[in-house]
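Worksheet for the structure shown next.
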Amino acid sequence: MVKICCIGAGYVGGPTMAVIAVKCPAIEVVVVDISKPRIDAWNSDKLPIYEPGLDEVVKACRGRNLFFSTDVEKHVAEADIIFVSVNTPTKTRGLGAGKAADLTYWESAARMIADVSKSDKIVVEKSTVPVKTAEAIEKILTHNSKGINYQILSNPEFLAEGTAIEDLFKPDRVLIGGRETPEGRKAVQALKEVYAHWVPEENIITTNLWSAELSKLAANAFLAQRISSVNAMSALCEATGANVSEVSYAIGKDSRIGPKFLNASVGFGGSCFQKDILNLVYICECNGLPEVANYWKQVIKINDYQKSRFVNRVVSSMFNTVSGKKVAILGFAFKKDTGDTRETPAIDVCKGLLGDKAHVSIYDPEVTEDQIQRDLAMNKFDWDHPMHLQPTSPSAIKQELDYQKIFDNMQKPAFVFDGRNVVDAEKLREIGFIVYSIGKPLDGWLKDMPAIA
Ligand SMILES: NC(=O)c1ccc[n+]([C@@H]2O[C@H](COP(=O)([O-])OP(=O)(O)OC[C@H]3O[C@@H](n4cnc5c(N)ncnc54)[C@H](O)[C@@H]3O)[C@@H](O)[C@H]2O)c1
Ligand SMILES: O=c1ccn([C@@H]2O[C@H](COP(=O)(O)OP(=O)(O)O[C@H]3O[C@H](CO)[C@@H](O)[C@H](O)[C@H]3O)[C@@H](O)[C@H]2O)c(=O)[nH]1
């Protein structure tokens, strides 16, 4: 029986391994993590992450050929294929701080693999890493190899949160990069055979290591760039009376552009886009390509602009101050169908409003109050380190929450600011609200109160 061990039981490690286990009953899959609470949760009825369809998949194979354990070394030693799916956050200090990927967790996983292995291993990079990381990992492993043969593969993950199970069941493509040597090709083939249990062969792409590593960063950069492009248009729409939804629809009908990822928003969030673009920018700078670095940096600048433009719109429309005013925030995670708050634009919006002394009440059905408190107290980039390294919840910014706000109970004029273009603006206007929708023709009130980002 082939044995797979995945280091890192997070948003990627948990769902990807559960899907491998359910699709390959003859393979034993063990997911290991240094975080005991996380592993306990994977072994309980309340899984540590919320993803539609995940519960069913885990229940179908947990205890059969899918296991979750903190006994990291034992399972790594026994495995034939080791996936490494640990976090690769943005560095907060030292060389490349604020841009480069922090490979501390990756390096310690690699050193541990070198320490405990007694048989040949295929080591798969599942985490998103800078180009050439495989070379560094190879050095760590072979330097301490004790005659063991290691093959490093890059197999980046393209799942999106909220649709992880759907994406894993039917991936647009699976990408596997490996060394162009006989041993490298054999390792690529072994991993290909795992995916071939359910992914059509033509959707499994094989490349060299560096192409696979770079393709992951490039895919995220292209996706984020589309959002920044449409968000940049949304500002122009507001200034001209055009409607961004109509513009998106019209351009998306061009088959060369396509309709997806053209929804204007308060800005993209999530643990990947910003981190991976910053990483790309850093790699460009390190390779003496400042023009290319600046090009991609602009995607993040527009995203920051969009978030502050939204806050400024809120503040300016309420007579240039929200001090003492009650603002209800509906939704805090970075997108629907997830409880993940990493880099959610809601943090920037709430911090902007709190900075102007608003009284903020926040509700999200998938996010705990404790998590929201922690997010609003944390410094930029600190969120993507394992939970046990994060500060515990403070009480300083705790405010009374009130979910009962309806028009009749609100002070007038009453406002709704829609950062996702999800409310029925016309209906709300009929009730009497002043409504701001990103990139849509402005209500008279908002036109008279120009917001400067
Ligand atoms: N979240 C996504 O949607 C997504 C999608 C594609 C790729 N990625 C990439 O996948 C990687 C993991 O992302 P994630 O969202 O799953 O992160 P995560 O923080 O949810 O999970 C990472 C886990 O690794 C564990 N860990 C860290 N060091 C360890 C060690 N030495 N030994 C054992 N366990 C260790 C942590 O405790 C944590 O539980 C990142 O590189 C990310 O960029 C994420
Ligand atoms: O038209 C759109 C589409 C998305 N978003 C926002 O963009 C962010 C990211 O959304 P999405 O890409 O759906 O979720 P992620 O889980 O961050 O997935 C991205 O990041 C993952 C981690 O690398 C990759 O694996 C996925 O392919 C890539 O889509 C969210 O805040 C969305 O609200 C928009 O504002 N407008």
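The backbone N, Cα and C atoms fix where each Cβ goes, and this holds for glycine too.
Remember, TrEMBL labels are computer predictions, not curated facts.
Remember, it's a predicted structure, so these values are computed and weren't measured experimentally.
Noted in TrEMBL for the protein shown:
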type	residues	note
BINDING	8-13, ASP33, ARG38, 86-90, 127-128, GLU161, 272-275, ARG342	NAD(+) binding site
ACT_SITE	CYS272	active site, nucleophile
DOMAIN	328-425	domain 'UDP-glucose/GDP-mannose dehydrogenase C-terminal'
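Sequence features annotated in TrEMBL and their locations in the structure.
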{"residue": "GLY8", "record": "NAD(+) binding site", "DSSP (3 states)": "coil"}
{"residue": "ASP33", "record": "NAD(+) binding site", "DSSP (3 states)": "coil"}
{"residue": "ASN87", "record": "NAD(+) binding site", "DSSP (3 states)": "coil"}
{"residue": "GLU161", "record": "NAD(+) binding site", "DSSP (3 states)": "coil"}
{"residue": "CYS272", "record": "active site, nucleophile", "DSSP (3 states)": "coil"}
Requested in this report: Give the number of CB atoms, excluding that of ASN87 (NAD(+) binding site) itself, located within 10 Å of its CB.
Outcome: 21
Query raised in the report: Relative to ligand 2, which of the recorded positions GLY8, ASP33, ASN87, GLU161, CYS272, GLN274 have a Cβ found under 6 Å from one of its atoms?
Result: GLU161, CYS272
Requested in this report: Between the Cα atoms of GLY8 (NAD(+) binding site) and CYS272 (active site, nucleophile), find the distance and write it as a whole number of Å.
Outcome: 16
Report task. Give me the non-local Cβ neighbours of TYR11 (NAD(+) binding site): same chain, 6+ apart in sequence, Cβ-Cβ under 8 Å, ordered along the sequence. Result -> ILE49, GLU161, ALA164, SER271, ASP340
Query raised in the report: Which whole number is the mean pLDDT over the domain 'UDP-glucose/GDP-mannose dehydrogenase C-terminal' (328-425)?
Result: 81
Query raised in the report: Looking only at Cβ atoms, how many others are within 10 Å of the one on THR90 (NAD(+) binding site)?
Result: 23
Query - In sequence order, those binding-site residues of ASP33, ASN87, THR90, GLU161 whose CB lies under 6 Å from ligand 1 - result: ASP33, ASN87, GLU161
Query - Residues near the residue listed as 'active site, nucleophile' in space but at least six apart in sequence (CB under 8 A) - result: THR128, ASN220
Report task. For ASP33 (NAD(+) binding site), list the number of other Cβ atoms lying within 10 Å of its Cβ atom. Result -> 24
Report summary line: Cβ neighbour count (10 Å, all chains) around GLY8 (NAD(+) binding site) is 26
Report summary line: Sequence-ordered list of residues in the chain of GLN274 (NAD(+) binding site) that lie 6 or more positions away and have a Cβ within less than 8 Å of its Cβ, or none, is THR90, ALA224, PHE268, ILE300, ASN303, GLU343
